[in-house]
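For reference, TrEMBL has these:
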- 1-25: region 'Disordered' (REGION)
- 1-12: compositional bias 'Polar residues' (COMPBIAS)
- 14-25: compositional bias 'Low complexity' (COMPBIAS)
- 38-175: domain 'Nucleoside diphosphate kinase-like' (DOMAIN)
- LYS46, PHE94, ARG122, THR128, ARG139, ASN149: ATP binding site (BINDING)
- HIS152: active site, pros-phosphohistidine intermediate (ACT_SITE)
Amino acid sequence: MQTSRQIRQPFTGSRPSVRPAVGVRPRARPSAAMTVRAEISYLMVKPDGVQRGLVGEIISRFERKGYKMAGLKLYQTPREVAEEHYKDLSSKPFYKDLVNYIVSGPVVCMVWEGKGVVATARKMIGATNPLASEPGTIRGDFAIEVGRNVIHGSDSPENGERETALWFKEGVVTWEQTITPWLKDFMVVVLLTICTCTYIKLIYPAALNVKTGFKGLFWKAARIGTWHHGRGVGSAVTSDAVPCFRNTSGYGSSPRRQPAHEWGAGCTALGPQMHDMWA
């Protein structure tokens, strides 16, 4: 007996997953998109940075640098968490004041990931003493006192893992930026374009005449590189892709456009691959 009840189809898309942060952060399964585990760093905007409204500025700097955020939250720090975080400074005379400062107001906890993120973040943050920090660093631009130096950053990859587990017990998010594959393909096209320009310049110097210039040659070669990258075969170019081979008067002469079939004979000077483009 048939019924009108509809069976719900399982979801086949991809959802962001939450990775538990118990002890050392577990490794993700290797995949085609990510075969090497990215380095992570724990960053914290301290109470003075939150009160002064510097959170957006700090996040923007790391986003523009190219790092990916894996965790973010506004957090009122419990005393036991602050004490655990700074336990290596427990013998210092300023330890109690430091803990009181961290629990005095909300902080913004962040986890950033990417190649060399720990060392790069330390450079972007600046020295512990803001007066010794270079202009352009976060502390060099926004802090004066050591006790109010705006931001904390992990000093080693190991501490990045440990601090992430301490401050993000609920875990951090694993996700893939949609722009990542596009950037990889774009770099391939750029490299092909540069190689094509260099090849034409070396084999046929007259290509760089006054009217065409390197800028025009670059964009014309880009079509060669783009087509080659997309099809994996020879390039399809128009008759203005390279200055006319019959123009041998050197720099300063305007190339005369030829029909595509008339270019084949002159292309042998560029080698078999270039000849195939106009064959």
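Placed from the backbone N, Cα and C atoms, the Cβ positions cover glycine too.
Given the structure is predicted, the values throughout are model-derived calculations rather than measurements.
Taking the features listed in TrEMBL, we show where each one sits on the structure.
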residue: LYS46; record: ATP binding site; Cβ within 10 Å: 23
residue: PHE94; record: ATP binding site; Cβ within 10 Å: 12
residue: ARG122; record: ATP binding site; Cβ within 10 Å: 16
residue: THR128; record: ATP binding site; Cβ within 10 Å: 11
residue: ARG139; record: ATP binding site; Cβ within 10 Å: 22
residue: ASN149; record: ATP binding site; Cβ within 10 Å: 22
residue: HIS152; record: active site, pros-phosphohistidine intermediate; Cβ within 10 Å: 20
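For the pair ARG122 (ATP binding site) and HIS152 (active site, pros-phosphohistidine intermediate), the C-alpha distance works out to 9 angstrom.
Separating the Cα atoms of LYS46 (ATP binding site) and HIS152 (active site, pros-phosphohistidine intermediate) is a whole-number distance of 7 Å. Note: the CA-CA distance between PHE94 (ATP binding site) and HIS152 (active site, pros-phosphohistidine intermediate) rounds to 16 Å. In the domain 'Nucleoside diphosphate kinase-like' (38-175), helix, strand and coil residues by DSSP number 65 helix, 29 strand, 44 coil. When the record's ATP-binding residues LYS46, PHE94, ARG122, THR128, ARG139, ASN149 are compared pairwise by CA position, the greatest distance found is 22 Å.
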